[in-house]
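Peer 1: Here it is: the structure, laid out below.
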């Protein structure tokens, strides 16, 4: 590599196949140029992250496979977004994949950048056997309370499916009033590919709704905080009052 410039080496690395990473890491490490040695360190970190992701993907179907082993055939993962905000809806999603589906990067939506969530949103919809999204607005949240509203959103999501699952993996909850076997999994959105995918669909859908509200009520900053109780949001409420999308039951102390 001594005969190549740093720029040329960077261009090679950008198109390098993963199988050749170790070979190039060793070559770059012995280069006398500090900048090239720095590229070796970056490439080694990238390889380490790839290996960690491969290891994670090997375990992310465990709960789905347990369901198949029990004889279930159509397994869905379900999760919600928006239980905590002061404004806007709560959104739930359910996703059904074929057995042993693996999608690189699918994880708890809170651990992903917005750009990555948006990218995976499209991939998940393409890869899923089926998916459903349920939305419950702020007025229903005030009427039924947030927990019941969350269950309502989940049931709406299930009802959007072409075919009901015979087994549901749920993120740390059991949905009442449905005749489907369920497995509540603590931190399921980082342990099950189906729940993780559902968390991404729910989050991206809700964020999209809040972006629309931001155009209607630009002074509240919904685009940035998505309705959560930030300092900016509370200051806007104090200055302008509440909007029709605010959850009054969440604002009893200041109304």
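Backbone N, Cα and C atoms are what each Cβ position is placed from, and that goes for glycine too.
Checked Swiss-Prot, it gives:
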type    : residues    : note
BINDING : 79, 80, 171 : divalent metal cation binding site
DOMAIN  : 73-255      : domain 'RNase H type-2'
Peer 1: Suppose we draw a 10 Å sphere around the Cβ of residue 79 (divalent metal cation binding site). How many other Cβ atoms does it contain, all chains included?
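Peer 2: The answer is 31.
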Peer 1: Let me know how many other Cβ atoms fall within 10 Å of the Cβ of residue 80 (divalent metal cation binding site).
Peer 2: 27
Peer 1: For residue 171 (divalent metal cation binding site), write down the residues of its own chain that are at least 6 apart in sequence and whose Cβ falls under 8 Å from its Cβ; none is a fine answer.
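Peer 2: Same-chain residues close to residue 171 (divalent metal cation binding site) (Cβ under 8 Å, separated by 6 or more) are 78, 79, 80, 184, 185, 187, 188, 189, 195, 198, 199.
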Peer 1: When DSSP states are folded down to helix, strand and coil, where does residue 171 (divalent metal cation binding site) land?
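Peer 2: Assignment for residue 171 (divalent metal cation binding site) reads strand.
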